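Since the structure comes first, as structure tokens, the remarks are kept for the end.
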Protein chains: 2
Amino acid sequence: MRIETVTQELSLKRSVDSGTEQQRAAVQQIIRTVRSDGDAALLAYTRQFDGAELSDMRVTPEEIAEAYQAFPKEMAEVIKEAAGNISLFHQKQLRQTWTYTDQNGTMLGQKMTPLDSAGVYVPGGTAAYPSSVLMNVLPAKVAGVKRIVMVSPPGSDGRLPAGVLVAADIAGVEEIYKVGGAQAVAALAYGTETIEPVDKITGPGNIYVALAKREVFGDVDIDMIAGPSEIVVLADETAYPAEVAADLLSQAEHDPRASSVLVTPSRKLAEETAAEVEKQLKSLPREEIARKAIEDYSAIYVTKDMQEAVSVVNQLAPEHLEIMTEGALSIVENIRHAGAIFIGRFSSEPIGDYFAGPNHVLPTNGTARFSSPLNVDDFMKKSSLIMYSETAFRENADKVAAFARLEGLEAHARAVEARKEQ
Amino acid sequence: MRIETVTQELSLKRSVDSGTEQQRAAVQQIIRTVRSDGDAALLAYTRQFDGAELSDMRVTPEEIAEAYQAFPKEMAEVIKEAAGNISLFHQKQLRQTWTYTDQNGTMLGQKMTPLDSAGVYVPGGTAAYPSSVLMNVLPAKVAGVKRIVMVSPPGSDGRLPAGVLVAADIAGVEEIYKVGGAQAVAALAYGTETIEPVDKITGPGNIYVALAKREVFGDVDIDMIAGPSEIVVLADETAYPAEVAADLLSQAEHDPRASSVLVTPSRKLAEETAAEVEKQLKSLPREEIARKAIEDYSAIYVTKDMQEAVSVVNQLAPEHLEIMTEGALSIVENIRHAGAIFIGRFSSEPIGDYFAGPNHVLPTNGTARFSSPLNVDDFMKKSSLIMYSETAFRENADKVAAFARLEGLEAHARAVEARKEQ
């Protein structure tokens with residue numbers, strides 16, 4: 001693993017796949033076809049892309065029951081416990097409608113309302129993660145979204161993985177369709193005979209899914225489009241190299257374009273961690289993927305002190321940040337940009353991926369500068385409340401009319417003045 | 001004005017300008033040029049599109065002083081008072097970092113951090129509204145954003161309107177550039193020699209500005225892309241037709257594609273309001289614009305009762321909703337989708353546009369189904385906090401490792417297990 005002394009500019013390759021013109025055109029074509037042909041288009045694409053011949057896309061209660069049969073009981077229990085933790089953490093985020101009334105009797109406030117509906121995309125194949133189901137569905141559930149729809153591409157046998165169905169059932173999803181790709185996104189955005197449209201689409205997917213989400217954005221809401229996973233470990237000489245290395249590799253195994261970075265003022269830790277990474281890599285089942293990520297998109301930065309290390313972290317604005325230093329908690333207030341901050345030795349990143357409660361859908365590719373983990377606010381909207389009192393009105397009507405006229409909007413001024421006459 | 005009895009589907013034309021292929025290509029070209037040529041490109045486009053020959057884009061303290069000289073003192077006072085009200089309402093939205101510690105000693109929470117920087121676009125010409133400056137800048141200011149940059153296209157004399165500069169100064173903007181269009185958006189997103197890039201761009205603009213925001217979305221955050229203004233008035237026979245009509249026209253004067261709708265169970269109110277609209281239209285300075293909006297995008301819907309009226313409102317999901325009925329406040333809880341809700345006779349919509357405190361940047365075109373008025377949250381981001389205790393770790397490590405292995409992620413499992421060894 002590459003060790004660099006931080007001088008000026010950080011040299012870290014980042015990978016954003018924004019798709020080719022051809023892919024974009026293909027996605028636009030799929031969306032048009034779904035909008036015009038509805039279910040027939042969905043079934044045809046599922047035949048073409050997933051090799052599955054379906055007559056009905058909706059998952060039946062029998063399929064859910066079969067999934068439970070096929071799934072290890074003790075794992076269903078772990079999923080339930082994780083779901084409980086995730087729900088609890090997200091409940092703490094719930095905000096209530098608030099109002100206040102000033103001395104003039106004017107009431108102002110914000111009304112909080114859950115979205116009517118949300119659609120969750122779950123990728124197929126090896127990326128069909130039960131944990132993603134929980135992380136996308138439960139914030140919407142906690143927000144109070146009544147209708148939650150899940151879509152996922154079936155295998156060529158026309159089925160969804162048992163783990164995904166069990167997680168969906170535990171999370172309380174009652175409407176699941178076996179359809180994936182850009183066609184599923186189009187169906188969620190615009191509806192078909194079978195699938196009613198939703199207000200927001202979340203969840204990860206391949207480049208076609210990402211491009212489709214970008215296309216429908218505005219007609220429905222979407223979550224951020226995720227890039228490859230990233231971890232930054234901020235550590236000093238009190239950290240254990242074997243643990244740091246293991247955490248770096250846990251992100252590296254996700255994707256050959258994943259990025260794992262150690263930032264430390266300790267050259268000793270840097271060198272020992274690099275050696276540990278090499279040692280641990282050799283025995284990983286996904287060695288090839290992880291090795292590419294480590295070689296191409298990862299680095300160890302040695303800084304002159306902890307202050308410079310924190311500044312490097314803020315420059316990177318990582319998706320995941322682990323702090324394994326003396327007095328780790330006191331460093332948190334200086335972190336300006338990070339999706340999730342894991343504090344101390346026992347907060348290994350997979351704890352957060354699966355179990356602790358906070359969401360694992362996090363801003364990637366530096367977008368932690370301006371965006372947040374998936375959360376309950378993402379499934380609610382605010383409406384401003386304005387109940388102006390007569391007293392306040394009589395006091396301020398002329399000012400408002402003057403302001404409107406200043407902007408050349410005479411009808412605005414007259415709307416206010418219309419009240420003065422009665 | 002068209003009166004319709006609500007039966008099944010509402011027939012209301014909506015206008016979304018998503019731009020032509022040609023416009024999109026022009027915007028992409030402008031962005032590429034700004035990225036490669038920086039300031040030189042900005043100055044050249046300003047010459048080409050705004051007819052202004054500038055050597056320095058940055059507004060000087062002298063220009064601010066001149067703006068105050070040229071601007072009516074009493075209007076500066078009104079703007080100050082409005083700014084105070086807007087700041088106060090937005091301060092109520094501010095959320096603090098929170099954490100909780102469970103019985104195992106694990107601490108979880110959300111850290112709230114303002115964005116480092118925000119850019120506000122202010123349109124030129126007749127749409128250069130001082131109120132927009134306040135509404136876009138103050139939420140960022142309240143959130144704690146340190147660097148707020150304003151951009152606006154100059155007139156051919158190379159100046160910005162005095163009202164815009166005064167409002168910017170009152171709102172506390174210290175960095176203003178005389179540049180507009182797609183080139184200004186590109187500069188805010190990617191930076192030039194003079195303009196440092198920002199994390200988020202908000203503010204209204206023409207189709208080129210809207211397309212440019214869409215192009216840079218992802219590299220920076222943007223607010224929703226606004227469509228033409230809309231108002232829905234929900235009223236019963238207790239409302240005054242002259243007031244309802246005046247409020248409908250206050251939105252209609254904005255844009256020939258604006259939409260003004262009355263929903264009422266009272267045919268009498270419907271007919272009297274229609275007559276009032278016609279009468280008031282005739283004396284409006286912007287009669288032509290308002291008349292087109294009323295004829296093409298507006299309607300009066302007569303419903304069989306108030307319940308059906310509420311359901312029509314929810315179907316429309318309007319940007320502005322006025323409720324002028326008996327017991328207006330009790331209807332609010334049944335409103336599921338609206339950007340801002342104006343309750344009672346004295347809450348004429350322009351009061352909210354200028355003065356009351358809530359934001360006038362609101363979701364248009366039905367997007368109130370899933371989005372919110374511009375607010376303080378838009379200028380902050382959350383980071384999850386996870387400080388797992390050793391007790392919690394020892395209790396749950398095996399479950400997490402099992403969950404990771406279920407998903408085929410061996411390195412995740414080993415990262416957790418690495419801690420068990422020491």
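Note that the numbers count up from 1, one per residue, in the order the chain is shown.
Every residue gets a Cβ built from N, Cα and C, even glycine.
Marked as active site, proton acceptor by TrEMBL: A:E319, A:H320. As annotated by TrEMBL, NAD(+) binding site applies to A:Y121, A:Q183, A:N206. Residues or ranges marked as substrate binding site in TrEMBL: A:S229, A:Q251, A:H254, A:H320, A:D353, A:E407, A:H412. As annotated by TrEMBL, Zn(2+) binding site applies to A:Q251, A:H254, A:D353, A:H412.
Shown here: features listed in TrEMBL, placed on the structure.
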residue: A:Y121; record: NAD(+) binding site; contacts (Cβ under 8 Å, 6+ apart): A:V151, A:S152, A:G180, A:A184, A:V185, A:L188, A:I201, A:T202, A:G203, A:P204, A:G205, A:V209
residue: A:Q183; record: NAD(+) binding site; contacts (Cβ under 8 Å, 6+ apart): A:I30, A:T33, A:V34, A:A41, A:L42, A:Y45, A:T46, A:F49
residue: A:N206; record: NAD(+) binding site; contacts (Cβ under 8 Å, 6+ apart): A:P123, A:G181
residue: A:S229; record: substrate binding site; contacts (Cβ under 8 Å, 6+ apart): A:Q251, A:H254, A:D255, A:A258, A:S259, A:E319, A:H320, A:T364
residue: A:D353; record: substrate binding site; contacts (Cβ under 8 Å, 6+ apart): A:S131, A:H360
residue: A:E407; record: substrate binding site; contacts (Cβ under 8 Å, 6+ apart): none
residue: A:H412; record: substrate binding site; contacts (Cβ under 8 Å, 6+ apart): A:A401, A:A404
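Cβ-based crowding with a 10 Å cutoff singles out A:H320 as the top-ranked of the recorded positions A:H254, A:H320. A strand conformation is recorded for A:Y121 (NAD(+) binding site) in the three-state DSSP classification. Those recorded positions from A:Q183, A:N206, A:S229, A:H320 lying by chain B, with Cβ under 8 Å from one of its Cβ atoms: none. Cβ atoms within 8 Å of the centroid of the Cβ atoms of A:Y121, A:Q183, A:N206 (the NAD(+) site) belong to the same-chain residues A:P123, A:V151, A:P153, A:G180, A:G181, A:A182, A:A184, A:V185, A:G205, A:Y208, A:V209, A:A212, site residues excluded. Within 10 Å of the C-beta of A:Q251 (substrate binding site) there are 31 other C-beta atoms, taking all protein chains into account.
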